[in-house]
Amino acid sequence: MKTLTITRPDDWHIHLRDGAQLTDTVRDISRYMGRAIVMPNLVPPAIDTETALAYYDRIKARVPAGSQFEPLMVLYLTDKTSPDEIRKAKASGKVFAAKLYPAGATTNSDSGVTDLKNIYPALEAMQEVGMLFLVHGEVTDSSIDIFDRERVFIENILSKIVTDFPNLKIVLEHITTKDAVDFVTQASDNVAATITAHHLLYNRNHMLAGGIRPHFYCLPILKRNTHQQALLAAAASGNKKFFLGTDSAPHAKDRKEAACGCAGSYTAHAAIELYAEAFESVNALDKLEAFASFNGPDFYNLPRNSDTITLVKKAWDIPASYPLGDTNVVPIRAGEQIDWQVE
């Protein structure tokens with residue numbers, strides 16, 4: 001039987017939600033991930049250090065016994081985020097980054113940034129203290145086609161930020177296009193990107209051809225096959241700028257299977273297994289460990305995990321749904337099989 005032992009991986013982009021749902025999301029992600037960068041787009045969002053630390057405590061209270069899982073917290077940037085708040089967050093030792101959500105770009109982003117110039121003082125402070133800048137890279141102009149919003153963001157906004165803040169460490173989150181791959185590859189060593197398992201495994205045909213499959217609907221939206229292939233090539237290249245970020249984002253079944261369904265795909269139930277499938281599809285299993293376990297902590301200047309997990313090439317059945325607080329979430333690959341499992 002084929003096996004693969006790798007250093008324990010981390011997830012550098014996940015949504016754990018809050019309240020009753022936390023028990024289920026934390027259980028899933030802590031099975032084999034050592035750490036996770038936890039997104040702050042709650043209701044209300046984690047816009048200050050105090051709120052982020054309270055959220056940290058709620059997550060830690062739900063980590064199963066025996067697990068060493070550690071959440072890494074993120075500030076939600078607003079037009080009013082101050083340099084002092086950035087310094088306070090950095091000094092806490094628990095907040096590792098601040099996140100740009102262009103107002104209206106994705107789930108719970110209404111409190112986000114309306115004009116980039118409003119956060120320039122905060123970005124100056126982040127550059128000064130060494131706090132990472134995480135970016136949801138899509139424009140929100142309704143006149144821009146949804147499939148072009150990442151490319152336009154890179155051309156019109158991100159390129160300027162990189163120029164204006166050359167010493168700021170930036171992660172372009174959940175990239176979906178060849179444009180993003182090329183930009184990150186050519187940028188300085190201070191620019192990196194996360195890639196999701198679902199963007200490696202699927203493209204827009206999977207979501208739209210032969211019927212609409214709402215559980216593939218996420219933001220940034222799945223793109224055409226040529227972009228999917230560029231993402232696979234980047235992930236499997238060994239380039240240290242690309243690393244694992246699931247963007248696992250649970251929504252209740254009835255919020256997805258609706259006339260106006262929510263954006264987000266749930267993959268925390270089988271994240272590393274899905275990545276193993278993706279890497280195997282391009283004969284690059286030997287590159288999985290660096291992508292999943294080395295590149296992220298190296299970019300964040302954190303130690304790599306010291307223990308290991310073992311993946312086994314053995315198919316298993318994915319349930320039709322998983323519990324999510326007082327409701328249920330339909331995961332990616334629901335009712336189907338995944339080729340790999342953690343031993």
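Keep in mind that glycine also has a Cβ here, set from the backbone N, Cα and C atoms.
DSSP assigns D247 (active site) to coil in the three-state reduction, outside any helix or strand. Taking Cβ-Cβ distances under 8 Å and a sequence gap of 6 or more within the same chain, the neighbours of D247 (active site) are H13, I14, H15, E173, H174, T194, T196, H198, C218, G264, S265, T267. Annotation source Swiss-Prot lists active site at D247, citing sequence analysis.
Per Swiss-Prot, the feature Zn(2+) 1 binding site maps to H13, H15, K99, D247; the stated evidence is sequence analysis.
Residues or ranges marked as substrate binding site by Swiss-Prot: H15, L16, R17, N41, H136, L219, H251, A263.
Taken from Swiss-Prot, the feature Zn(2+) 2 binding site applies to K99, H136, H174. When secondary structure is read from DSSP and collapsed to three states, K99 (Zn(2+) 1 binding site) falls in the strand class.
Annotation comment: Swiss-Prot describes K99 as N6-carboxylysine, evidence class sequence analysis. Residue density at K99 (Zn(2+) 1 binding site): 25 other Cβ atoms are found within 10 A of its Cβ, drawing on all protein chains shown.
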- [ ] Express the distance between the Cα positions of A263 (substrate binding site) and K99 (Zn(2+) 1 binding site) as a whole number of Å.
- [x] 18
Task: Under 8 Å by Cβ from R17 (substrate binding site), same chain, sequence gap 6 or more - done: T25, L42, P250, L324, G325
TODO: Fill in the CA-CA distance, N41 (substrate binding site) to K99 (Zn(2+) 1 binding site), as an integer in Å.
DONE: 9
- [ ] For the recorded Zn(2+) 1 site, whose residues are H13, H15, K99, D247, find every other residue on that chain with a C-beta no more than 8 angstroms from the centre of their C-beta atoms, and list them by sequence position.
- [x] I14, I37, M39, N41, L134, E173, H174, G245, A249
Open item on the list: Of the binding-site residues H136, L219, H251, which one has its Cα closest to the Cα of K99 (Zn(2+) 1 binding site)?
Closed with: H136
